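> Residues or ranges marked as transmembrane segment by TrEMBL: 42-62, 83-109, 129-149, 161-180, 200-221, 233-256, 276-302, 331-350, 356-376, 388-410, 416-435.
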Amino acid sequence: SEASVNNLNLNLCFFEGNIIGSGIFISPKGVLEHAGSVGLSLIVWVCGGGICTLGSMCYAELGVTIPKSGGDYSYVTEIFGGLVGFLLLWSAVLIMYPTTLAVIALTFSNYVLQPAFQDCLPPYIATRLLATICILFLTWVNCSSVRWATRIQDVFTVGKLLALALIIVVGLIQICRGHYDALRPSAAFEFRQDPSVGQIALAFLQASFAYSGWNFLNYVTEEVVEPRKNLPRAIYISIPLVTLVYTMTNIAYFSSMTPEELLASNAVAVTFGEKLLGMFSWVMPISVALSTFGGINGYLFTSSRLCFSGAREGHLPYLLAMIHLKNCTPIPALLVCCTATIVILCIGEMHNLINYVSFINYLSYGVTIAGLLYLRKKRPNLARPIKVNMLIPITYMIFWAVLLCFSLYSEPVVCGLGMVIMLTGVPVYFVGVRCKDKPKWIYRLVERLTYMGQKVCYVVFPQEDPSETEPLTASKAID
């Protein structure tokens, strides 16, 4: 139907807008540094997109089998129970989303302010203030209307794709003119250091930061029209397109920069613009600002839905499961995400936490896809509108295990801290969620705070739609 086609177009823009973010302007340096050569770095970018495609196919099956918003958290909670689901929720709410939002917001403010401070770094206070204003504005937009949020995503996705198209076209022109010395096979596979499995694993982690967001449409499954059709369509179209864009963008970078110049640059796209665009070099800072602005909007959109899903399962305060009476937006959950991000912005530089985020992200992906295999064995009669070949999740799990093991071996402190942060949620779960014999005054306090929050935010519990869980409940009856 026409409504389904329109919704698919919105989902494609939202999906691509979440994947294509600041990562393509940050990760190329890290991928090249760990891969050790131009050729191997390009292979990592292509294979990284292929791995995301395998994972997204698994998520498509889970998305229509367990049609709940919340993505990884909802699926793991449904399959493995409350503790494992809470640990994913805990790490996401505590570290992953607020830290990622803070880093993207700081990147946005730095690129907006950099033209005014050409000979030095923008002031610390100015970058934090602009980043905070950006977070507050987009939180207001998401609180006001879901349509406004998706429209912003549409506009800034188009802007990002046009900017990347400019990079790719200029790069192809350079190649046609014979400027591709770094891409010749003899030079492309000239290693700066002996490659190791551990370093290649870290290169994949760096690339995963750019690809992060490939599972975001599963966080809003309940808001997708005809998810059984549009969810897999959006995934199958978007990820190959993003992989092509990323690979061609990196090829364009190498058409104008040597590996040494790329590694020495702190802003790859800006260096590219300065070398090739001349008086139009200002396009690159603006394109990065557009990219990060849309990325912040997408992360706010999905992280608030995760808080909403967690509260609905009883793992977070029930106030976070309420939506605005008229706008139907999860205002309390959005305010929590906004507050946590601003707190992290005030703490200081968050760039060291990016590795924690990437490691925890991959950990949650693997646990979720392991749940698909477990569900296939324990619930073979479960209604599955989409059913992928078993080789797909098995291949993904093999790659996942190798990647995490060698990443942990190569960076034991960084990756180990990521696991420790996740495991701190175990005592919180047993004390805050499982324990039902709390003092009565705690329940009265929570009830009063919930009532006050409802009055301030004008929110209520959403009405349940029995059709949303029909495939799952019907299959339970069959089992």
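Quick reminder: no glycine exception, Cβ is built from N, Cα and C everywhere.
Predicted automatically and left uncurated, TrEMBL annotations should be read as such.
Give me the local environment of each listed feature.
Distant neighbours of the transmembrane segment (83-109): 21-22, 25-26, 72-74, 76-77, 122, 126-132, 134-135, 212, 288-289, 292-293, 295-296, 299-300, 302-303, 306-307, 310, 313, 315-316, 336-337, 340-341, 343-345, 350-351, 353-354, 356-357, 360-361, 364, 367, 418, 421-426, 428-429, 433; these residues of the same chain sit at least 6 beyond its ends, with a Cβ under 8 Å from one of its Cβ atoms.
Within its own chain, the transmembrane segment (129-149) has Cβ neighbours under 8 Å at 101-102, 105-106, 108-109, 112-113, 223, 293, 296-297, 300-301, 304, 324, 327-329, 331, 334-335, 337-338, 341-342, 345, counting only residues six or more beyond its boundaries.
Among residues of the same chain six or more beyond the transmembrane segment (161-180), those with a C-beta under 8 A of the stretch's C-beta atoms are 16, 20, 24, 245, 248-249, 251-256, 269, 272, 276-277, 283-284, 286-287, 290-291.
Beyond the ends of the transmembrane segment (233-256), by six or more residues, the same chain brings 8, 11-12, 15-16, 19-20, 24, 28, 38, 41-42, 45-46, 48-50, 52-53, 56-57, 59-60, 161, 164, 167-168, 170-172, 174-175, 179-180, 182-183, 210-211, 214, 217, 262, 268, 272, 275-276 to within a C-beta distance below 8 angstroms of the stretch.
For the transmembrane segment (356-376), same-chain residues at least 6 beyond its ends with a Cβ under 8 Å from one of its own Cβ atoms are 55, 58-59, 61-62, 65, 71-72, 75-76, 79-80, 84, 88, 91-92, 95-96, 99-100, 205-206, 208-209, 212, 215, 382, 390, 393-394, 396-397, 400-401, 403-404, 407, 414-415, 417-419, 421-422.
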> What else in the chain is close to the transmembrane segment (276-302), if you only count residues 6 or more beyond its ends and a Cβ gap under 8 Å?
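Apart from its flanks, the transmembrane segment (276-302) reaches 14, 17-18, 20-22, 24-25, 71, 97, 100-101, 104-105, 107-108, 111-112, 114-115, 134-135, 138-139, 141-142, 149, 152-153, 155-157, 159-160, 163-164, 166, 170, 174, 213, 216, 219-220, 256, 267, 269-270, 334, 337-338.
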